[in-house]
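K.L.:
Would you mind keeping the following structure in view while I ask a few things?
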Amino acid sequence: MRVHIVYTGGTLGMVEGPHGLAPGADVEGWLHTLLAGTELAGCTFFSARDHLIDSSNATPDDWQAVVDELHARREFADAFVVLQGTDSMAYTSSALSYALTEFPAPVVLTGAQYPLGVIGSDAATNVLGALQAATSGRAPGVSLFFGDRLLSGNRATKVSSWSFRGFDSPAVAPLALTGAPWQWGAARARGSGWPDPLPYRAQDVVVLDLAPGVGTARLAAALRPAPAAVVLRAYGVGNLPSEQPGFTELFTTLIDSGTPVVIASQCLQANVRLGHYEASDALARAGAISAGDMTAEAVYAKVIFLLSQGLGGAELAAQMAVDIAGELSAG
Ligand code: ASN
């Protein structure tokens, strides 16, 4: 099987420098040694050489660069592994899932908590697990391998900055658990798909986290000038400080003037139900959009994806409720 590995940066390939960890290890040479003598010894390798980044520096342009590299190689490989930093990996895996619904080969993202040269590093385990998933014939679409689990790419979220089980998928079961043999769960939901998507472009999306006592004037300041869309991370099932003076008016005015407002939850595991409590009723009636059970990463990447497709207002709102790539459960 022909496998292509795309390396974009992250702790996996970092070395200690004068200002902390930064990319610098010979990842290609390390992979060569790791895979020597195996059936994957002939893997091809691409490194974003002059742009290896800590994934906290990633932008939608970086998501698109991975999409472009995968398309450039689609004829020449049967499976793909993307190596990137863990910090924003779930944003990338969500973004890839929307852009690659028609892509013919599996794509598995992975990274590491420790650099490859460190004793006790999880780099080799994760890369080998990702390769095993990608070549299994059982993991179509975009997924994320980490520690001992294969997760749906657009259901995964980073839950630990140190655990070798750094990711979870709170709304759905893992796709597979490693072992001898691997234990496979139900196949992922595929969604309605998105043929021929336009490329990701930078978008002016504001993500606001509510906290008790953050005043309306402060929120209003963050929303001037009006962004292309807002993701409002609320409490529980999408509850909002509706009794806070000016709060409901602030967001109602924004929605009325055409800015989509998506209500997500701060809970790791949540299903947003606008109007279930009186506290979210006014914004529900004003046309706020529910994030359902999508992860924070899947919501943000989806808003950027839809804006990049040229959608806004009611069209964008309608598509947020559509399961494009398995990121959202029905109801
Ligand atoms: N800061 C690193 C990154 O996301 C974290 C990691 O890869 N473990 O690039």
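Glycine too: its Cβ is placed from the backbone N, Cα and C atoms.
Curation plays no part in TrEMBL annotations; they are all automatic predictions.
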K.L.:
For the substrate site that TrEMBL describes with Thr86, Asp87, which of these is also annotated: Ser55, Ser94, Ser97?
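P.N.:
As annotated by TrEMBL, Thr86, Asp87 share the substrate site with Ser55, chosen from Ser55, Ser94, Ser97.
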K.L.:
Which whole number of Å gives the largest C-alpha distance between any two of Ser55, Thr86, Asp87, the residues noted as binding substrate?
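P.N.:
That value is 7 Å for the farthest Cα pair.
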K.L.:
Around the Cβ of Thr86 (substrate binding site), how many other Cβ atoms lie within 10 Å? Please give the count over every shown protein chain.
P.N.:
24
K.L.:
Give the residue counts of the domain 'Asparaginase/glutaminase C-terminal' (204-319) per reduced DSSP state, in the order helix, strand, coil.
P.N.:
46 helix, 20 strand, 50 coil
K.L.:
Cα distance, Thr11 (active site, O-isoaspartyl threonine intermediate) to Thr86 (substrate binding site), nearest Å?
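P.N.:
Spelling it out, the Cα of Thr86 (substrate binding site) and the Cα of Thr11 (active site, O-isoaspartyl threonine intermediate) are 8 Å apart.
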